[in-house]
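Here is what TrEMBL records for this protein:
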COMPBIAS  535-550  compositional bias 'Polar residues'
DOMAIN    86-515  domain 'Major facilitator superfamily (MFS) profile'
REGION    525-550  region 'Disordered'
TRANSMEM  86-108  transmembrane segment
TRANSMEM  120-143  transmembrane segment
TRANSMEM  155-176  transmembrane segment
TRANSMEM  182-198  transmembrane segment
TRANSMEM  210-231  transmembrane segment
TRANSMEM  237-258  transmembrane segment
TRANSMEM  314-334  transmembrane segment
TRANSMEM  378-397  transmembrane segment
TRANSMEM  404-421  transmembrane segment
TRANSMEM  427-449  transmembrane segment
TRANSMEM  461-481  transmembrane segment
TRANSMEM  493-512  transmembrane segment
Amino acid sequence: MEEDLFQLRQLPVVKFRRTGESARSEDDAASGEHDVQIEGVRVGLEAVELDDGAAVPKEFANPTDDTFMVEDAVEAIGFGRFQWKLSVLTGLAWMADAMEMMILSILAPQLHCEWRLPSWQVALLTSVVFIGMMSSSTLWGNISDQYGRKTGLKISVFWTLYYGILSAFAPVYSWILVLRGLVGFGIGGVPQSVTLYAEFLPMKARAKCILLIEVFWAIGTVFEVLLAVFVMPSLGWRWLLLLSAAPLLVFAVLCFWLPESARYDVLSGNQEKAIATLKRIATENGAPMPLGKLIISRQVSEDRGKMRDLFTPHFRWTTLLLWFIWFSNAFSYYGLVLLTTELFQAGDVCSISSRKKAVEAKCSLACEYLSKEDYMDLLWTTLSEFPGVLVTLWVIDRLGRKKTMALCFVIFSLCSLLLFICIGRNVLTLLLFIARAFISGGFQAAYVYTPEVYPTATRALGLGTCSGMARVGALITPFIAQVMLESSVYLTLAVYSGCCLLAALASCFLPIETKGRALQESSHREWGQEMVGRGTNSTGVPRSNSGSQE
């Protein structure tokens, strides 16, 4: 006991709080001091202010901090073994999502010829997946806010796995249309893995970790193309659909290890479960748990997952602008994926422009299947996802989330306009490579920004509705990239370029910059609250208004 007291006397005693939310009594506020008695030893609290993005030092998880929130615990425990495991598991979900998306650009030319489908039916086969995703995204967000992130994610994964395997046995077009639509319905819940993942990450590591998870998306797209190179010529598209479900199967087996979000548990009144989860993380990471009582912010549990919360004066403009940004991201990203196979089959933009309706002649059993050269060029453009992640990773904490998204949209628009020129296949591949790198970077920045900007009570719903708007863009894009393309390649490129320029403006007009900010627990608190020290001389801790929407 004496030894413990001696160690306590040597340590600076620090009380962390969030700007705008004081735990001091009125007497403390009047006197300007807050002292702690330790067996007759009077110790003044030393003021400590943390830099933007800095984690709470582990040694400050001290016995004088009688209350703490989940955010405080996550910051004190830090990043460790638990987060690495969670990164791999979340990455598997993203890898599976990417493969299901990438398969659309490979399956379309195959069924176009094998089943002699007109171009509108080929486009509908792609669109029906996004119809399913669009119709379910908000539903999965509501389920995740009402019943837990883990529950929503598990149901969506098992749903997608079941119908993904069934679609490989579709006998006719109508069957595969329905089954792929049901696959899309399940995929709509996969983005909730980002909600769960982000809520376990300390502030300093959040942006980098969410971006690194996108590496698994890139791995998934590359793996799908490589799988198609070896499977399609010998085994056909049915085996490709079956083997593409492998990452989902692995995730389904391992997902029982996933804990429920501690933030969600606290908000739903399960403090004991939240403490057990935090203790588990602290044990795995070999870090101390903050001592004291786990408390909840003022927002009550019945406010969870309500659509009206996205349209309060505080978040109205953010929600509307984010919806358009997500729409543009998906519209342009998936449009580019579909355009890539069309452009490679034609050779260049001018070839498509000159042939126009001659494409109808290719509906025979010997028509234009993707060649090995097409697959290799598709692989090269798919590899652009990796530099896209690295560029975004380098830029996002320097320029901020908003400027990063705007930069990505502008560069994509520029590359789209350069495709107006009659260029050779090598230059075409290079421009498509750059365009895909930056539009995927914009998508990644949106995935970082969105969970950061909404509070815990509506985070899953906010991400779900944004994902739903993305699916609207993805639903429309096949009719631009595959149907409109037959009429005018230049009009098609102009549509994508113009949409992204508008999205760049929308990114600049977002009212909140989330760089270096903690995750919000409640919409009733002032946004952008940071953890700062409180001491005897801290009579006026400056408030941070940079995140507010006036």
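Just so it is clear, glycine is given a Cβ too, placed from its N, Cα and C backbone atoms.
Any TrEMBL annotation is an automated prediction that lacks curation.
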Which residues, given as numbers and ranges, are at least 6 beyond the ends of the transmembrane segment (427-449) yet have a Cβ under 8 Å from it?
191, 194, 206-207, 210-211, 214, 217-218, 322, 325-326, 329-330, 332-333, 336-337, 339-340, 343, 348-349, 377, 380-385, 387-389, 391-392, 396, 401-402, 404-405, 407-409, 411-412, 415-416, 418-419, 466, 500, 503, 510, 514
State, in range form, which of 237-258, 378-397, 404-421 has the highest count of Cβ pairs under 8 Å to the transmembrane segment (210-231).
378-397
Same-chain residues near the transmembrane segment (182-198), Cβ under 8 Å, at least 6 residues beyond its ends
86-87, 90, 93-94, 96-97, 100-101, 128-137, 139-141, 143-144, 149-150, 152-153, 155-157, 159-164, 167, 206, 209-210, 213, 258, 261, 447, 451-452, 459-460, 463-464, 467-468, 471, 519
Thinking of Cβ pairs under 8 Å, which stretch from 120-143, 155-176, 237-258, 314-334, 461-481 has the most of them with the transmembrane segment (86-108)?
237-258
With the transmembrane segment (314-334) as the reference, which stretch in 120-143, 155-176, 237-258, 378-397, 461-481 has the largest tally of C-beta pairs below 8 Å?
461-481
Short question: most Cβ pairs under 8 Å with the transmembrane segment (120-143), which of 155-176, 378-397, 461-481?
461-481
Six or more residues out from either end of the transmembrane segment (461-481), which same-chain residues have a Cβ under 8 Å from its Cβ atoms?
120, 122-124, 126-127, 130-131, 133-135, 137-142, 144-145, 184, 188, 191-192, 194-195, 305-307, 309-310, 319, 322-324, 326-336, 338-339, 342, 446, 450-451, 453-454, 492, 495-496
